[in-house]
Each structure stands twice: as C-alpha cells, then as structure tokens.
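**Q** Below is the structure I would like to discuss, written out as structure tokens.
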Amino acid sequence: MSNLRSLSHRPRSKMAAPAKQYGLILPQKKGLSKTLGLSKPSVFGDDSDEETSVGESLQKEAIKKKMMKQTRLEMQKALEQDSTVYDYDGVYDDIQKQRLENHKKILGGADKKPKYIHQLMKAVDERKKEQERREERKIQKEREAEGEKFADKDAYVTSAYKKKLLERQEELEREKREAEIEAALDVKKQKDLSGFYRHLLNQTVGEEAIPDRSAGRSEAPNVSKDTERTSPGPSAMPHENIPSSGSDNEEEPPRERYMARQIARSTSKTYIEKEED
C-alpha cells in the first residue's frame, strides 16, 4: 500500500503521451490540399494542354509552308537551267528506246535473215528434181514393157514439156561435168602440189572465183577453161580438146600455152599410169 501511495504522489512529466485512438484511423493528406490550392482553372474553362498542341500545329504548318516555298524555288531554278528536267515520260520513252536498240544489237540486228534457208530451199529443189527423174524412169520402163503396142499412135508433146526436157538435159550435162571436175581435182588422186598451185595462181590473177563453202557442197567452184578441159580418163576428154602445138597455140598468151602444156602432160601421165596398172 505504501508503494502505491508513493507512485501516485510522483510529479508528472511536462510532455504527456498522446492518447491512443481506437477504430478506423484515416491518414491525413497534407500535400493534396496544397496542390489543390495552387491549381486554378482558366478563364474560359480550357485546358493548358490543348493550348500547347495548337501552338505546335501552327509551328509545324509554318515550317511546312516554308519548305514548300523553298521547294518551288528550287524547281523554278531547275526549270530555268533545263526545261526537260521534270519530263519523266519523255525520259522513260528514251530509256525504253535505248533498251530496245541494245537488244537488237545483242541479237544481231532487227533485220536478221535466216542463215540456212537458201540451202534448205536448194535441197528441196534437188529432191523435187530427183523425184521427177524417178517418175520419168518409171514411165520409161512402162513404155518399154508395152513394146510395139502403141507404136502406130501419134505422140503429142507440148512446147512446155520440150522446154522442160531441154532444161533437164542441160542440167544433167552440167552435173556430169561438175562430177568430172571434182573427180579430176580429188586430193587422193593428186601426186604432187601442182594442182594446188595452179588453182592458187588462177585465183590470184582473177581467172577463177574463190569457192564459197557456205553455199553448199553441190555448188562447184568457177574453174577456168583449162581446168574444165582436165578429166580423169580418156573417155571424158575428147581428142579435140587436147591443145596442139600448131598455130592455135601461137595466138594464145604465153601463160595459156604453158597451162595447156601442163594439162596435156598431166593427162598423158595419167593415161600411162592407168595402162601400166
């Protein structure tokens, strides 16, 4: 009891402890009140953010107008220097035209002709002629098989058929002559290079045309008269064509006489070799 009395008579401190609160305790918002007191609405009720966006848009419009003006000035300056600087269609047409010309050059020209068509046409003509010859031989065999059955009948031949027969006979003679020349000029039958040098000389002086290899094998070269008189055997070379040592040779130039003697010599050698074989 004495202890309780002593505690009750002790002096209280100057700072009293805060009283305890019970229940829902809400915190006090001191900063919010200060912010609300500082922010004031504008006079017309507009927000300041809208004013900022309007100013930025006006500034952008001004910059855009300035750039457009500068662009127009540059375009005007470029047109003064070159009036076709903005002629895009014309430039495109020129580019396309140049491209087509380059393609034509690469492909060998626009008027490129077929390379082998003339040879094909010539081969077709030769096949047609060969077919006609076969038909003629067949008809001839049929006539021979008939014998004298229609011997008393008159044969009627038109002028066109006569002309055709004449052309065919000339063609056969020409082919025979070309075959003889080709056989005489065969490389396998040459003993030396005299024939080669003879043709080289004829081509040099212009008496013999240089053969065109692209024209086909059927075209024989344009040989001189002396070369045409050369033949592989005695049957192909008549006695009249052998040049004699009479007055006819005296009228010819020296070169012609020399060539005639060389041909006669080579022909006689060929005859002797054949007789020995």
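Any Cβ shown, glycine's included, is placed from N, Cα and C.
Annotations in TrEMBL come from automatic prediction, not curation.
Pasting the relevant annotations from TrEMBL:
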type: REGION; residues: 1-21; note: region 'Disordered'
type: DOMAIN; residues: 72-190; note: domain 'Nuclear speckle splicing regulatory protein 1 N-terminal'
type: REGION; residues: 125-153; note: region 'Disordered'
type: REGION; residues: 203-277; note: region 'Disordered'
**Q** Tally the residues of the domain 'Nuclear speckle splicing regulatory protein 1 N-terminal' (72-190) by DSSP class, grouping H, G and I as helix, E and B as strand, and everything else as coil.
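**A** Summed by class, the stretch gives 89 helix, 0 strand, 30 coil.
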**Q** Restricting to the domain 'Nuclear speckle splicing regulatory protein 1 N-terminal' (72-190), report the mean pLDDT as a whole number.
**A** 83
